[in-house]
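Structure first, commentary second.
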Amino acid sequence: MTDTTKATQDRVVIFDTTLRDGEQSPGATMTHSEKLEIAGLLDEMGVDVIEAGFPIASEGDFEAVSAIAKAAQNAVICGLARANYKDIDRCWEAVKHARQPRIHTFIGTSPLHRAIPNLDMDQMAERIHDTVTHARNLCDNVQWSPMDATRTEHDYLCRVVEIAIKAGATTINIPDTVGYTAPRESAALIRMLLERVPGADRIIFATHCHNDLGMATANSLAAVEAGARQIECTINGLGERAGNTALEEVVMALKVRNDIMPYRTGIDTTKIMNISRKVATVSGFPVQFNKAIVGKNAFAHESGIHQDGMLKNAETFEIMRPTDIGLADTSLVMGKHSGRAALRAKLRDLGYELADNQLADVFVRFKALADRKKEVYDDDLVALMQDQTTSAEHDTLQVKRLRVICGTEGPQEAELTLSIDGVDHSIDATGDGPVDASFNAVKMLYPHQAKLHIYQVHAVTEGTDAQATVSVRLEEDGKIATGQAADTDTVVASVKAYVNALNRLIHRRQKSAPGSDMKNVHYTSRA
Ligand code: KIV
Ligand code: ZN
């Protein structure tokens, strides 16, 4: 094998595309620093290839891919490029800083996709030859994808895969772009390519499945059984429409059922839970409660029969241990008498390794929470760690004070003090309920055109003193930003989440046109 990655007979390369296919899904946009942080976690957990972005898509994408390429310690860093020289050159400029760079170039090969660039079969074959050759002249690690491969005529697929291999591609990815295939067909396609394409034994076949019919994990594993040795996936299955294959699902399936699927990955599975939480927070896509492996209920045993069985022998109802994915085994509940050392140990169990100054900050917020809430559970601490208001010092807007007046007779009132660029402004506003009144107050203090797309509230634990985590998604001029916050007061969490999302939009505006954010703002404050 000419590829620099580690696929062998039983070793499956894990290719993570959370930062490209995942981030591409509407609303999941991440900031530069969030992308860097997630790439660091992927690298640390043993992901073999990180698809860091689509460098030609925007200046921001280019910068993120370059920065990730420079920072990566172990993983191959890959960028995506369409089948043209400009895309490929730009991609190379971004990934070339990596210890192990890869260019991933693609073109849609199915009849429907061929119609888009209006190329006939021969013209497309020539384009594939030229662009893969160009990429290979820049980089010796080149991946090529026939987009919508699962709906491409088999003869044509064999023909173009052969061309790409001859032009120097080292990995051939077979995407199920629209999530249309099924396990038996997914396996048969890989087998067919291995049998019919000359040179197929010299390269690695990858499988890239979307989850439109809920079969992405099964399809990926079937492809591996047929001879594919790279799985393309995302954390939490993030991705367009119904998402991509979930990394945690394929990795844990290969680990738990190694008896019938004897393949290895290089993933440290104890890092799964931490990165799952991180991706949920920064993307604003919460993980469904009953999601395999990382859902809140994946290891919860509530029924009497289950609990009884679990106490006698955990294996009665558990096929893997919570600790396998980095979930704390202890149910030690924290409270206001818990000290700094206990908090550090607990957070370490939950996958958060903190420097002293970070611990000092979290400890203050933990104490404030423990004062309001008798018992602080693991989920409360995770919510505390994920609260985006912690990284807010450099933000334009900060919530300073909020008081709401509610009653059976409306309208409800909110008194809000917002710090705008370091100066406090206050206002009273009314609305249809306390959240509406508070959001109206934000709009009056900081007029903006952003539309509220999603407003979601989750209780972190049970009880009336439970913390609420709130996600808010705003849209302005086609740009989408998500904010999250946690508090025992749902209205406070809501306003903080709204302001977080607004800060992200402002940040983006400032980056694309410095100074533009303040142009149309006239404060309407009380003070
Ligand atoms: O789903 C798909 O076809 C893709 C390609 C760009 C590989 O994401
Ligand atoms: Zn895809």
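Using N, Cα and C of the backbone, Cβ positions are placed for all residues, glycine too.
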Exercise. Out of Asp21, Asp424, Asp428, which one does TrEMBL list together with His208, His210, Asn244 for Mn(2+)?
Key: Asp21
Practice problem: Please name the residue among the binding-site residues His208, His210 whose C-beta has the most neighbouring C-beta atoms within 10 angstroms. | Solution: His208
Self-check item: Other C-beta atoms that fall within 10 angstroms of the C-beta of Asp21 (Mn(2+) binding site)
Solution: 25
Self-check item: Chain-mates of Asp21, His208, His210, Asn244 with C-beta within 8 Å of site centroid, Mn(2+)
Solution: Thr17, Pro175, Asp176, Thr177, Cys209, Asn211, Ala216, Glu232, Cys233, Thr234, Gly239, Glu240, Gly243, Thr245
Self-check item: Confidence summary (mean pLDDT) of the domain 'Pyruvate carboxyltransferase' (12-273)
Solution: 97
Exercise. Taking the Cβ of Asn244 (Mn(2+) binding site) as the centre, count every other Cβ atom within 10 Å, in any protein chain shown.
Key: 32
